[in-house]
Amino acid sequence: MVARTVSAVTLDRTASDSLPARRLLLVHAHPDDEVIGTGATMAHYVSTGAHVTLVTCTLGEEGEIHVPALSQLAAAEADQLGGYRLVEWERACAALGVTDHRMLGGPGRYRDSGMMGLPTNQHPRAFWGADLDEAAAHLVEIMRELRPQVMITYDANGFYGHPDHIQAHRVAMRAAELAGPDAPEKIYWTAMPLSVLRDGMEAFKESENNPFADVESVDEMPFGTPDDEIAARMDGTDHHAKKTAAMRAHASQIPDNSWLYGMAGDFGGEFMGVEYYTLVKGERGPGEGPHKWETDLFAGLDLDGS
Ligand SMILES: CC(=O)N[C@H]1[C@@H](O[C@@H]2[C@H](O)[C@H](O)[C@@H](O)[C@H](O)[C@H]2O)O[C@H](CO)[C@@H](O)[C@@H]1O
Ligand SMILES: [Zn+2]
């Protein structure tokens, strides 16, 4: 019998060749980040037949608990919140139609570090203290398996400065360096245009549950990107109901009276269903409007045989 040897690279290629032509990878820090920042985008691409893979880096063990009946699960009590949020995360993914969801290094490998500067940052498994190349290697393995053309993660400040978000950015970008030919061709960072922030401040001015109550100007906020630096506007308004349902799955983190629901009420699909990105790797595809914002993250890619 003729021995047939197939190189590991060929095997890898075979694995991704059986997947849809468009493959999107998202790297987030905690359960609930996926829906808050990118839920409509994920639902949109699932609905259009792309393969969507969510990698979340921690179980969110150090989170607040907004459901009183669950208060004993807190880190300082039974320390079971991580396991509970894992179930919330699975339910949220189901609401968005995302079936490929993975914890970086497996559930519990990296622990929620808590807010910047807290003693929990020093926990032996805190994601903030993870070895960068070791953590990135878990993501490289996924890139080799799937060969995603597009990846979404956070900017260098983790969008708002949380240590796990900063570390998720660093690990995702390091993995893209190490993955070579299997690295995403386009890399986006989540972003919020200053014009949308200003509109939000205006919309909430009279609201009792105003997330902008303590700021005079959007320039005081840790996030906000000039409109001409935004590369893509993903309109997933057709899926805003899925995003809302996915948020409700994260009830321990997102209370019923959250301003997020208030914003949805005022803006409806416009706020819940529209998500923005800067492009930090790859060529910008054709776009629309005054800033030529892309409306498809795969725009400009040659997907034949990729
Ligand atoms: C959206 C997000 O990243 N949430 C994180 C964050 O949660 C904040 C934290 O509980 C803080 O104490 C609150 O004041 C703030 O309102 C929350 O957004 O940090 C948590 C701990 O690391 C994390 O579990 C949660 O997912
Ligand atoms: Zn987070």
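For all residues, glycine too, the Cβ spot is worked out from N, Cα and C.
Summarising the annotation, TrEMBL assigns Zn(2+) binding site to HIS30, ASP33, HIS165. Cβ neighbours of HIS165 (Zn(2+) binding site) (same chain, under 8 Å, six or more residues apart in sequence): ALA29, ASP33, TYR154, ASN157, GLY158, PHE159.
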Nonlocal neighbours by CB distance (under 8 Å) for HIS30 (Zn(2+) binding site), same chain, sequence gap 6 or more: THR56, CYS57, THR58, LEU59, GLY60, GLY63, ARG85, ASP112, ASP164
